[in-house]
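Quick notes on the structure that follows.
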Amino acid sequence: MKALSKLKAEEGIWMTDVPVPELGHNDLLIKIRKTAICGTDVHIYNWDEWSQKTIPVPMVVGHEYVGEVVGIGQEVKGFKIGDRVSGEGHITCGHCRNCRGGRTHLCRNTIGVGVNRPGCFAEYLVIPAFNAFKIPGNISDDLASIFDPFGNAVHTALSFDLVGEDVLVSGAGPIGIMAAAVAKHVGARNVVITDVNEYRLELARKMGITRAANVAKENLNDVMAELGMTEGFDVGLEMSGAPPAFRTMLDTMNHGGRIAMLGIPPSDMSIDWTKVIFKGLFIKGIYGREMFETWYKMAALIQSGLDLSPIITHRFSIDDFQKGFDAMRSGQSGKVILSWD
């Protein structure tokens, strides 16, 4: 079968032929329809320090997809041939304390599809049936293919009660924009998203977010005054991993504010911890999606009218995968979808 693989320990990704993966007793074989390129895939393409330490070579990559069930392991129940599915990209062990306690998203032995084991940038993918999620009929293939990053956004945004709250989202990448859109959809009062990339901020404006602020050109305190905010943000969603953005968030949070962090900062990031202490801030780390509560909420949000379509900016045939990666690497894109049909 055709597959996009990391064949060499250098920059790039290559189309190759690999065997169709073998189906285990508890697995599903999925024929891939559409995949989306994640920031993680760009890291792997660029072969940065994280990738060099993490990714085995050669390996099929990718973990954002939608497809059709074409094979079912003999011990699998609840699925049938033809089911349209996406899937949770974190494969968990099932035997650690968190897994046995129903907190599988906190599994200490998590293995990543397309990171630690073969991924979805291929004609076929095998995953445990436990990880598959049936896509409702009224959700398009395009939207289903981005459920993985959408799940990151939903998990982060819905970590706290947002109704009537003022929310700051730092980082207008696709996940940050989706998180801001979720916050607005579920009843936040003001949702402000910040970045220095004007293309991405314009995407955010198309999603109906209260205010998209280019912090290279305007002061966040001025934006708050413009919106009539007098006490600071109630909730912060840190999606950028950029130390200056996090420091600004700490400066502008109200006392008792709550922060969910999905962005990965450098290990040596320094902050003024007195702001956390004296403001009584609560900071929560976010990794992946809750299995599978986040997935049900994703589907429900779309079915209740949340429109994510503006975040999908580029579509290519898989044969034009290089154009897709070029678009992602340019910083001038939202989500990029590759069609395998």
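Every residue, even glycine, has its Cβ placed from backbone N, Cα and C.
Checking the candidates Ile175, Ile311, Ile312, Ile318 against Swiss-Prot: the one annotated together with Asp195, Arg200, Leu262, Gly263, Ile264, Ile286, Tyr287 at the NAD(+) site is Ile175. If you compare Cα positions, Gly263 (NAD(+) binding site) sits closest to Thr40 out of the recorded positions Thr40, His43, Cys99, Cys107. Among the binding-site residues Cys38, His63, Glu64, Cys93, Cys99, the residue whose Cα lies closest in space to that of Ile175 (NAD(+) binding site) is Cys38.
All protein chains included, Cys93 (Zn(2+) 2 binding site) registers 14 other Cβ atoms within 10 Å of its own Cβ.
Here His43 (active site, charge relay system) is compared against the binding-site residues Cys99, Asp195, Ile286, Tyr287, and the shortest C-alpha distance is to Tyr287. For the pair Cys99 (Zn(2+) 2 binding site) and Tyr287 (NAD(+) binding site), the Cα-Cα distance reads 15 Å.
When every Cα pair among Ile175, Asp195, Arg200, Leu262, Gly263, Ile264, Ile286, Tyr287 is compared, the largest distance found for this NAD(+) site is 23 Å.
Annotation note: Arg200 (NAD(+) binding site) sits in a helical segment as assigned by DSSP.
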